[in-house]
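Per TrEMBL, the features are as follows:
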type	residues	note
TRANSMEM	21-45	transmembrane segment
DOMAIN	189-382	domain 'FtsK'
BINDING	GLY214, GLY215, THR216, GLY217, SER218, GLY219, LYS220, SER221	ATP binding site
Amino acid sequence: MKLFRLRTVADLKRNYILSSSRLKVTTWLILGLLVCILLTVIANIRAPDLIKIPLFILAGFVIYKFHRQLKYFRYNLDYYLIIRESLLYVLHTNHLYTTYKDSSGYEKISRSAILQYELDKQKGHILIKALITGDEFSKKVQSLDDVLAGVLELELDEKIIRPSFVEYHFYYKKPNRLVLQSRNQKQEIDNLDIDLGYGVNYNPVKCPHILVAGGTGSGKSVFISFLILEFLKRQSTVYIADPKNSDLGSLAYYLGDKYVATTPNNIARIVRLVVEEMQERYQYMRDNFQYGTNFADHEINPVFLVFDEIGAFQASGTDKKSKEIIVEVMDGIKQIILLGRQAGIFILVSAQQMRAETLNTDLRDNLGLRIALGANSSEGYRMVFGSATPDNLKPIEVKGAGYLYMQGSGRENAQYWESPYLDTKQFNFISELQLYLEETN
């Protein structure tokens, strides 16, 4: 198998000995040969039939086990062969080759575009690399989206154009959506990795700050509630600002007014508290300086500020005093976004719709995890993802689904994603929340 992996290249100039059909014939020939050998050996043994019968049974068992192993080997190898044959078909039917006539007048291939491929069966991922070599095929191989999707019968997940090749990413396995289940007991997790489901693992140290955009019915509130629980499981301090005084604002009943704010003055207060905490942490780390360390190395727990409906907060400025409060709060948010990571101070900003005046481009690009839930316009996606907005956007048909972009994930564009599913009959958010409030109140 390792030897074959070195041949995961489709090139019309090559002569390939092994094909999917030849592999099938070869495996049956090997199995048939084994059967003949075993039966011949047993038949030629000079022994009473009473002894031969168990030998025939043993031979049958050996043949069965060998057939299973052979079938498994063929099944695994067949994936690679079928993909290679499909890519050779693409090269041939799209005339991605040049020919010449030999001395006998036969037409032969002189040069061909080259398609390399990789297969990750665990993730169900197929990566096709079309090499850019500066020849006449270089431009054509950059626009094989529909052709490859058609021959593989898969939807293109992402295309990345690099200097020397084009990457086409396909998935034949749908990632698993995370389903929330009540545990009825407190969990204490000593790392900051958060499983978001659908193959996405988020760590705020590696990818600080979160932006969540989504309108009514998009599943935004459920997802933010899920994140609040995950923060608390990691011994984090959570502050919540909800200028609309909706679902998150009602958590003041459980978390207390110290941690939940709904009025402009109180929102300014908790933002001020978070900024002061950040400054104190920086002072502590300077006083206890260790090169290359952050808050975790000093055994300091994270702080998360969850700011819901930031657009509504900005729109609440109707007089000079309220506008001054908004300026103060937005300045605090800017400090947290730009300086919070090293001190373990993180922010989650949410809005029904992102606009240029909500957060400027520079601040938005410093939010490492960006999510747009529910249906959105092309302009709406661009306001969330900027240059990471995909060219082709699939329709959002599932509640809680949308697009997600995480800096440092290796993806250049936002990916389709489904947020954790919460069944209210199986999961009681308030009951789960109360498990973590002993030290908060």
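Any Cβ shown, glycine's included, is placed from N, Cα and C.
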Neighbours of GLY214, GLY215, THR216, GLY217, SER218, GLY219, LYS220, SER221 excl. site residues, C-beta within 8 Å of centre, ATP: GLN352, LEU373, GLY374
For GLY214 (ATP binding site), the three-state class that DSSP assigns: strand
Among GLY214, GLY217, the most crowded of the binding-site residues [Cβ within 10 Å]: GLY214
Where LYS220 (ATP binding site) falls in three-state DSSP terms: helix
Most Cβ neighbours inside 10 Å, all chains, among the binding-site residues GLY215, GLY219: GLY219
Average pLDDT across the domain 'FtsK' (189-382), rounded to a whole number: 90
Winner by Cβ contact number (other Cβ atoms within 10 Å) across the binding-site residues THR216, SER218, SER221: SER218
LYS220 (ATP binding site): tally of other CB atoms within 10 A of its CB: 26
